[in-house]
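J.: For reference, the structure I am asking about is given below.
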Amino acid sequence: MSEIDQSKIRNFCIIAHIDHGKSTLADRIIEMTGLLTSREMQSQVLDNMELERERGITIKAQTVRTVYKAKDGEEYIFNLIDTPGHVDFNYEVSRSLAACDGAILVVDAAQGVEAQTLANVYLALDHDLDVMPVINKIDLPSADPDRAKEEIEDVIGIDAEDAPLISAKTGLNVADVLEQIVQKIPAPGGDASAPLQALIFDSVYDSYKGVIVFCRLKEGTVRKGSRIQMMATKATADVVEVGYFGAGQFIPCEELSAGMVGYITASLKNVKDTHVGDTITDAQRPCDKPLPGYKKVNPMVYCGLYPADGAKYPDLRDALEKLQLNDAALQFEAETSVALGFGFRCGFLGLLHLEIVQERLEREYNLDLVTTAPSVIYKVYKTNGEMIELTNPTNLPDPSEIEYMEEPVVKAEIMVTSEYIGAIMDLCQERRGAYQGMEYIEENRAVLKYHLPLNEIIYDFFDALKSRSRGYASFDYEMLGYEKSELVKLDILINKEEVDALSFILHAGTAYERGRKMCEKLKEEIPRQLFEIPIQAAIGSKVIARETVKAMRKDVLAKCYGGDISRKRKLLEKQKEGKKRMRQVGNVEIPQKAFMSVLKLDDD
Amino acid sequence: MMIKEMEIYLHIPFCVRKCAYCDFLSRAADEKTQQEYVKTLIKEIRGYGSTYYDRVKISTIFVGGGTPSILTGEQMQHIFDALHQSFQISKDAEITIEINPGTVTDEKLCLWRQAGINRLSIGLQSVNDEELRMLGRIHTYGKFLDSYRAVRAQGFQNINIDLISAIPGQTLESWRETLTKVAELEPEHISAYSLIVEEGTPFYQMYGGSGENKKETQDSLLCGEGTHRYLPLPDEETERAIYEATDELLGRYGYQRYEISNYAKEGYVCRHNLGYWERKEYLGIGLGASSLVEHTRYHNTSDYEKYITGVEGHKDIREEMEKLSLADEIEEFMFLGLRKTKGISAKEFRKQFGKTITDVYGKELKKLESENLLVRAGDRIYLTERGTDISNAVFIRFLDP
């Protein structure tokens, strides 16, 4: 393969708020650069997981290389690095950005700049990327491109004067975007003969090729047979293949050199050896120092995942292991619950990550799951000077052994139109938020700044935010640190027996309210049984709320004659089947969905 | 060849007007359709002659509907002529026909007696005209009394009266009134059913399906403006109080409960229905009629056109043939037999299935006994009152023997 001229490479990503049209624009760029014909294009080539397509979000970074013949007659190689689009994956986003030299900022002509847009732009600017704005969806009746431009200039402070006005959906003016990529996004630098220094921005597991590392070469060259080392994990391996990204396929090539984006497969067994953000170098001729910005990502949210059918425990373990191959951030370890049997305590980057993993397990692995209430990591300082990081409420030590506890707090920015400021401030107040200030970014829009305990936002904060602002508020957060807090463990007793899977930790001030709501909800969910069942919420030995499920009074069929018998048997079988799917706690049968229902206690 | 006993069920799918709670296969129809149906029914009956005449003896016949009494006396006579020619019918066979007040005449009654019909089942449901109207019945209590006197005058000595309890707006008091008035007429048999809100009935639309929805629908209907104001269904507690009151009150008048919803004076239990609970073989004739023959359950097509053309064209009109496994039969033995007040016999179990009931259900029986849902006394196993109230919850424990 001939030498590639660095000046003809453009490495860039597209950043946007959810639904502003990132993936659609990516599709158009791929289509119009001629790598694929229109007929070959399936809508949204990059989001290749079924789930991603359905939710319209990108979970894993996807990358594609295309060739564009510009108006100056030259051919340019475009490496489009599609980044995950959610705050849960902030670190992955930052590493993807670090692999780029520029970014296309897509702003919806009708919606304007949103909190997440801001967060991503700042992240891009932090990485010294040249940000090139594009106004999308100008074909919508509600489009107001001038206002969108103004917002980009006022709020973000970058020039939007000649931002292309496009419709990624119809392809309108996307050609201008391609030209601007050539003109505005800088070519990469780096010395192909220097010691190898490559940034890992993602990795996937392929059952044929093994671990495939996605990387951006900053310095040096790598080719088949090179012995490489991961600088953070110290893992070494021999390169089996290098290549670049076709649309949905890997295309091997001779070598990758400084400025290029591509993949490496090597004699690596485990994606755990290839941390996103780590630097790959040559084992024989290492570079002086790794690229900046590497950190090990740690889960922020934990919950128990149990198979609805206890016999499926090994299947769940296999599925988690397989998922982990492609998702280094997912952690899990075996645990046992009295109520739910054998399962796993799993760690996630955030609630979306949790939901995605849960959905993939259910859909791709056909598993029925019972999930316990998500929990953050609490720091428990014991009287004996020991500190434990608590991920499972059941493991909370006896109160007499606890000196004090700390909970994680985030710095949140909520962007909202002025009419909803009051409602959103009320919400933050209810969620124990500490007001930090407010900035008007234009006449009727403001950014509210709060410090919020993480455990107050992992349940339904996002839903509440949307419902109280009629969908107009957008939200972004980052970890701030730990703060001392008055926390208690709320236990649920069903027929006087503690149900460990329903225990959780919360602020003492909200315990009564939550305990009451949980009891009410459980009363609705637990069907009447042969005997009366008390449902109690307790803190320690103190009962703070109680409901009763009355004993079943009547379950009888008045008529059963010649024509009813077959149907009668089927009804009985169905009834028995329903009973089987319930969880036995003591001698009470609890439907699976009762465990889940307490996660969604409506705000009323 | 051994001659075995068998029962016959005959379906007449016509009525004057459909009631609000009824989910039986029945509809109003013109005379021509009725005549066409009777002709086809007779053809179906005759078709069985060659198979069954020499092999079975008919112990009971039940003509149900719909409202079989809607047919003319002559039509019924022709049907019974066909039955007598195609089947050997026991001399002491119990032969029942369902009737509705207002559809009987002396002429019909006379012909029925000649045809061998010796038991009448009258659909009264309530003595309260307001309740009758609400159920969508075509008759009043007064009209019923006329019919009742007429059938007694014609010499019928085995009469059942059907009643429905727990109907919307009903109180324990109004129910007691119905029971008392009916008991004082001294019919030989009383069936008292708790209302079942069946899917596909007007009542279902009014009162909805299960639990939560039901309540909501009910509330919204009650609050609804306009002409339709629906009365609420009695709650579970009232419904059970009504059930208990039934047993107690009828007991005082000399009726014994022998099945969940059936009461009889000594010697007058309905042998035909008892056959269903004791898994006797029965042959269903007519539109949609069900059968249990040779360890197989099936029913005739419920599609009127298919039925008529099927019988005419000598096609197989049977549907949903289900060959019962031993396990199926054991299950049925339990959940049908335990409907009876005297329950099941351990000896009978062993005779039918070749193993003891303790081998199959020993653990469950013990547990149910300890939960006070079931009693084991000598050979008999039967449900307690509590066990009867929640009998479905008991029956499911006998599934998958």
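The chain as shown is numbered from 1 upward.
Cβ coordinates come from backbone N, Cα and C, glycine included.
Under the heading domain 'Tr-type G', TrEMBL lists A:7-189. According to TrEMBL, the feature GTP binding site maps to A:D19, A:H20, A:G21, A:K22, A:S23, A:T24, A:N136, A:K137, A:I138, A:D139.
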J.: Among A:S23, A:N136, the binding-site residues in question, whose Cβ has the most other Cβ atoms within 10 Å in this structure?
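T.: Of A:S23, A:N136, the one with the most crowded Cβ is A:N136.
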J.: Under 8 Å between C-beta atoms and at least six apart in sequence, can you list the same-chain neighbours of A:I138 (GTP binding site), or say none if there are none?
T.: A:A109, A:P145, A:L165, A:I166, A:S167, A:L172
J.: Count the other Cβ atoms sitting within 10 Å of the Cβ of A:G21 (GTP binding site), across every protein chain shown.
T.: 24
J.: Measure the Cβ-based neighbour count of A:D19 (GTP binding site), defined as the other Cβ atoms within 10 Å of its Cβ.
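T.: The answer is 15 other Cβ atoms.
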J.: Give me the mean pLDDT over the domain 'Tr-type G' (A:7-189), rounded to a whole number.
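T.: A mean pLDDT of 80 is what the model gives the domain 'Tr-type G' (A:7-189).
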